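Enquirer: Dropping a structure here in structure tokens format, bear with me for questions.
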């Protein structure tokens, strides 16, 4: 049976070399399916494939799915699609509609698993020869995924004709994979193992583990060696993936904490309203997108870029008002800033809840934020990647502002020695207000980014506030670099704990570790030195 | 010596406050149980339950005031001690359900049967005995406070850092108690209580006794707190609050002083939690939420930290306000609470009681000054000394 199929395919290859798509009409062969039994049908499928007419691909696919019917009156074979209570018949070769009939007028052509396998092989052959490059590539891929000895000859034949380098390489792999389960010589198989192990990845791993039981004894060690090698690679990729997830979490923490590193770290205000600034930033994004959707939908991909300055200004302004209205009366009483800002945060939350309602608001992802791409053995999603890039950009911009601009200099002077700065002519109240506004504005920008990965609800800020404080305290108050290192290391630590102990327990462990760490280094990872610390 | 310690606690205001609490402990249950429902003096059961809840909160605020107002440790994790005490009580009440649960298992609480647990975890042993459970109400929060404080105070973690790690502590505990495999009922916590010491939890008489117990415990803790703060130890405590380094240089072991106060305070909070649970009928991990602990800070701040009566008044006022607002204008409660936070920190940094006390003292000082003016010829001491004495 199988041999017959092979000989048929071989025959087909002979012709195919000269010309395909011009063979005899496949229609009569298809029509013979109407009253063939399973083994006859298998032969017929082989013959149909031999003709090499790519037009029969839909019919064969439909056959495998069990959607091929014959008309009782004239035994003509059709594809059928449900159309109301009736069936719409479609010509198997041309794909044209052949009118509607009652369900009773046609009979389904039965299919079993053997037959499906034959159909798949036939389809593989047909598509491997397709003039369309993409189709050939995906055919090679499908063989790679489900290799079988039957496919081997097809692949080899196609390989001989292939000219495109990429498709050829893929077919080589497909050939190697199919070869392992065929009855070719040991030497050829050895070469195939080479090819597959250079392919690497989970695919190769799976192929080896399926063939390793059936392969010749003499090849066992080589397969084992190849498996060990791939396993090693996979472990490295797993590690890389974990680090990536950790960095991604760390960048979220960094985003959430970076504004706090200014208001709490530099100014010493226990700013419990920080989370609400993040939330206001996210709502600004929502508002911007809302306006864009109504007025200029073509700008949607730019919505985040537009939301950034808007969020910065809105939250910066709110921060300015909070500083002038409340916080400036509380300098030197850090624990009381905690209470007052907590009050502010409650008011802001309730205000948002009253205006927008307590439910989540829909914030869309622009097209460049969605999707993913593979990098070696791992998958990288665009939104995570952009958030990492974005958080680092904010961080370095802020660092630049703090270290290299006149304003940053004033700010550092005021926090280090307020009276001295004041007597040098710096308007300290103004600097305080601007610094708080800057910290709040940055929290707002973070909100724009976080709106892409989190639910935008009035409670958004609450979920970040404790993490943010942990990051700033862990990294060392008053030190931006500490915040960066703290955020990334906490993120990575979290992701490495997660697989072994679970997400919640991992988080608890991280919290406990931070508490213990604070005992050891009460001023955080990068403590400021000198007298300012004691103040 | 002990009697001297207690006697010193019984300063005028504390005696009055404790007396009022004891009177409330007698009067409210009596009015609830003995007067007919249509009488003008009748106190409905729900009001009594609400007042009982406020008294538990007042005890929690008193506990926080002991560490914050007198020792300068702003704990943002006192809700954790409260909840742990509550869980200890809840576990006793769970064991009392016995085979009356939905699944009728005599040993395992319903949620364990539901999770397919075969036997009682070791940490549930002994909770069927009331004295043991009551011991745990004190021991569990006390131990946690001891270890936490032992580490934190020895490494001289203070101020903001301490506040933040106490917050991390209660947050971590909240996450832990939300887990089903912790064995504390996960999300749903412990509820559906039936009996306490053989009396039905829901029965009117039991509720009246629980209310009276809350008032009595509050009075008792008030006296203990007063004894602590008015002793020599209490003076050192205030010294630690105001000038920690100086007290250290004088040769006091600051970390031990702080640790003792922290542990006592945690135990008070545990007692409050234990009284709270049977009155509201549920304890769940939500009680660990950091926001709850911060709210306690506000009660204390509103009433006046550094005074013992203040936090009690603050807790009762704020919670009564909360009950009223959430009923009448649910939208505005958070506005009101937020505004209260800001207003108190900006305009009433000493709190209600602190401000009144301050005004009172100032008036007394003025009077004394006036009298001294009059009696100068009679050879009274100079004014300044008298003013100091009055303060």
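Positions of Cβ are set from backbone N, Cα and C atoms, glycine also.
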Enquirer: Check each of the ranges B:129-153, B:179-203 against TrEMBL and return the one annotated as transmembrane segment.
Expert: B:129-153
Enquirer: Of the listed stretches B:71-94, B:129-153, B:160-178, B:208-228, B:257-277, which one has the most C-beta pairs under 8 A with the transmembrane segment (B:43-64)?
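Expert: Ranking B:71-94, B:129-153, B:160-178, B:208-228, B:257-277 by Cβ pairs under 8 Å to the transmembrane segment (B:43-64) puts B:257-277 first.
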Enquirer: Would you say the transmembrane segment (B:297-320) and the transmembrane segment (B:208-228) are in contact under the rule of three or more C-beta pairs closer than 8 Å, pairs 6 or more apart in sequence?
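Expert: They do touch: at least three Cβ pairs between the two stretches lie under 8 Å.
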Enquirer: Take the transmembrane segment (B:160-178) and find every residue of the same chain, 6 or more past its ends, with a Cβ under 8 Å from one of its Cβ atoms.
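Expert: Residues 73-80, 83-84, 87, 148, 152, 184, 186-187, 189, 285-286, 288-290, 293.
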Enquirer: Give the nonlocal contacts of the transmembrane segment (B:129-153) in its own chain as ranges (CB under 8 Å, at least six residues past its ends).
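Expert: Cβ under 8 Å, 6 or more out: 80-82, 84-85, 87-89, 91-92, 162, 165-166, 169, 197, 254-255, 258-259, 262-263, 265-267, 269-271, 273-274.
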Enquirer: Residues sitting near the transmembrane segment (B:257-277): Cβ under 8 Å, six or more positions beyond its termini, same chain?
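Expert: Residues packing against the transmembrane segment (B:257-277) from afar: 52-53, 55-57, 59-60, 62-64, 66-67, 70-71, 73, 75, 78, 81-90, 93, 134, 137-138, 140-142, 144-146, 148-150, 153, 190, 193, 210, 213-214, 217, 221, 224-225, 228, 233, 236-237, 240, 247, 283, 287.
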